[in-house]
Every structure is written in structure tokens, then in C-alpha cells.
Amino acid sequence: MMVTLVLCILFMLISSFASSLIWFTVWRFCANVANAGMIVIWNVFFIENLPTKDRFWIKSIIAWSPNMAFYAIIAYIAGDWRTLTRTSALLAIPALVLLTFLCESPRWLLQRGKLGYVKTAIMRIHRIDGRLCDVQLLDYILYKEGQRFLESRKKNKYSFIHLFYTRTFAGYTIAVSFSIFVTSVMLYSLVFNMEKLSGSLYWNNIIMGLLQYACNLVTGFVDFKFERIGRKSIHDVAQLVSSVALAVCTLVYLSGYQVALSNLVRASTLCVLGMCSLLYTTNVLCTNELFPTCIRNVSFSFVQTWSRIGVVVSPLIFFLGDLWTPSPYLFMCILTLTDLLLFRFNVTETKGKPLSDNMPENDQQISHDTKSGDRNVELLPLKNGNDDGTLKQDK
């Protein structure tokens, strides 16, 4: 994670001195590759180190949502993109310093067979929490777990194929990938089209960031206080609100009063952008909580790939307006409703459940299902039968 952050800072600084659009694109591409790696590692590290009940509200408070408002203010003060890029890179240095105080995830260390580092990390956690640690019991557990992980590691090499290892895993992968794809399409298509909204571009970004952060704070509190409200409930409500807001925009453009009702379109658009923050949070948590430790990084990488595909597709959405003016909003509304149904019927609730460390048994894999059908078929002709296989009638 430190390496990717250093590379991200370095490439950002280099891109600020680019003399042409081609070199700017090259260096920003390198920065985004490093940034993508850091996002994958950080989110998995975050999930593996926090208790189940505290994951959602902590991720809601410490999130990228307030950065949107903060970034808009910095952009207004900076005045040009070069100064803004250099300022952004310098603001990442404190994060690099803080990373030096963190230790590796015990789960990750255990799978690598680094039992000594695991013991050091767990004892440090106990020391920070002010709890006593039974060293002998810890040594025994680490030995047993280490042997089990090393044996499974010798037998299996995990890849993206294992995301479809069982029907359940395949459902998880498809539903969450589609959900984060839809979220990226909504967020970035509306952000790229924000200059067409009424009001200042800077103020719209500030309002969007504050609205997203307010939604995060409210849902973080609700998730912590109410056990029955979990990841799926928050996801479903966010997508339902988004679909209603997009339907409102569709009706406004269909009526032809988009100029007179520009404030309604603006409010609906900002509402959708506010919901996107909740959708990202729930998708990230579900991705890391649904899959076992051995494929957790792989699962999040796969899901993030679909998120980036959504970013690539998003600028093209509003070109649909050349065919029919309300079509961009109608298309996104259909996507949100599809995601709502797909997520509801394919993803199980993960709130309050411990992280899984092991893959399912072999008899649960999809290939086993196709081979396990009933093959005890009678191929011999019936004793009292005709040549065509029908029974003879008794005289």
C-alpha cells in the first residue's frame, strides 16, 4: 500500500509538468494504475482489521465523500489544474506517514505462513486495546491455523475463476459487479454533465460532497444502532431513491419544462449523487464480507474492474440525449431498478457475520453439480416389453 501511494504521488507530480495532452494522459494513466492498486489493498485491509459492527459507520465517517466538497474549495483557490494537481499530491504525504505506524493484517500474514509477524500484530492489538493476551494459547492457535492454511495453499492456486466456484459465489460476483458498474455509470455521467445544471459548478460540487457525507453519517448511525438494518436494506433504499429521482428527471425532460424546472432537476441530480456514496460503501463492504480470505483481494479487484468500466462508459450516456432528450435519465433509471432486483435476490446479508477464511467444499462447486446428476439409467430392454420399449398387454 505504501508503494502504490508513493507511486501515485510521484506520477501526479510528474503529470503537473506535462507539456502536452499526450504526456499528461500517459502520466495520469500511471497514477491511476497505482491508485487502483492502493484502493484494492486499502479496502481489504480496512475490512480485515475492523470488528463487524464497526465497519459501516467507520467507513461512512472516514470516506471520500467530504473530499468532494474539500476538493471543490481547493480547486477554486488553486485557479489552475497544475496547482491543483500538485496540492493534491502534497496532501497525500500525511497519509504516507500514517501508514508507517500500521502493521499488516493478521489474516493476510497467516495465509503467507508468517506466524511470527502474526503473533506480533495480535499482541500489539491486545496492547492497544488494553487486554491481556494468552501467549501459549495464541501460539497453539497460530500453529494449527498456519498448518491448515499452508496445506490448502499447496493444493489450490486461486484466481478469478474461483469467483464462480459455486452458484452462490457466481451470484455474488454478478450482482455486486453489476451494482458497482451501475453506481459508477450514474455518478460519473452526472458529474461529467454537471456544468449543465443550474448554479455554480463549484457550489454544486460542494453541495454534492456535503450531501453525500450527511447521508453517510445518518446511515452509519442507523447501521450501528439498529441490528435489523443491514447492507442490503441500505443498498435497496439508496437505489430506490435514485430510481425515483431519475424518474423525476425523465418526466421533466419529457414534459419539455426542463428550463422552468431546472431547480427540480438540480435537486434530483444531487440526490442521486448523494445516494451513490451509500451504494459504493455497501458494495465495498459486501464484496469483502461475502468472499473468503483467500480470494478477497481477487474479488475486490474484479469488482473494481467493473467500476472502472462504468467510468469509461459514463461519458457516453448523455449522447443518448441526441436520439431522445429524456433517454439518459430513463436508461439510468432502468439500470437502477435492474440492480435493485439483482442485488435483492442474489446477495445474502453480511452484517454481523464473521469473515470466512475457507473456500466451500468441492461438492458445492458448479462443475460438480453438472456431474452429480442421476446416471443410474436402465439401458437394458424390459423383460415383458415390445421392441419399441412399451409394455406388453396381458391377454
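Glycine residues also receive a Cβ, built from the backbone N, Cα and C atoms like all the rest.
Feature list (source: TrEMBL):
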TRANSMEM  28-47  transmembrane segment
TRANSMEM  56-78  transmembrane segment
TRANSMEM  84-103  transmembrane segment
TRANSMEM  169-190  transmembrane segment
TRANSMEM  202-222  transmembrane segment
TRANSMEM  234-255  transmembrane segment
TRANSMEM  267-286  transmembrane segment
TRANSMEM  298-321  transmembrane segment
TRANSMEM  327-347  transmembrane segment
REGION    354-395  region 'Disordered'
COMPBIAS  366-377  compositional bias 'Basic and acidic residues'
COMPBIAS  385-395  compositional bias 'Basic and acidic residues'
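By the Cβ criterion (under 8 Å, sequence separation of 6 or more), the transmembrane segment (267-286) is in contact with the transmembrane segment (169-190), since 3+ such pairs are found. The transmembrane segment (169-190) shares more Cβ pairs under 8 Å with 298-321 than with any other stretch in the list 28-47, 84-103, 202-222, 298-321. When Cβ-Cβ distances under 8 Å to the transmembrane segment (234-255) are tallied for each of 202-222, 298-321, 327-347, the top count falls to 327-347. Remote same-chain partners of the transmembrane segment (202-222), defined as residues 6 or more beyond its termini with a Cβ less than 8 Å from a stretch Cβ, comprise 56-61, 63, 65-73, 75-76, 194, 229, 234, 266, 270-271, 273-278, 281. When Cβ-Cβ distances below 8 Å are used as the criterion, the transmembrane segment (327-347) is approached by residues 171-172, 174-176, 178-179, 182, 185-186, 189, 231-232, 235-236, 239-240, 242-243, 246-247, 249-250, 253, 286, 290, 317-318, 320-321 of the same chain, each at least six residues removed from its ends.
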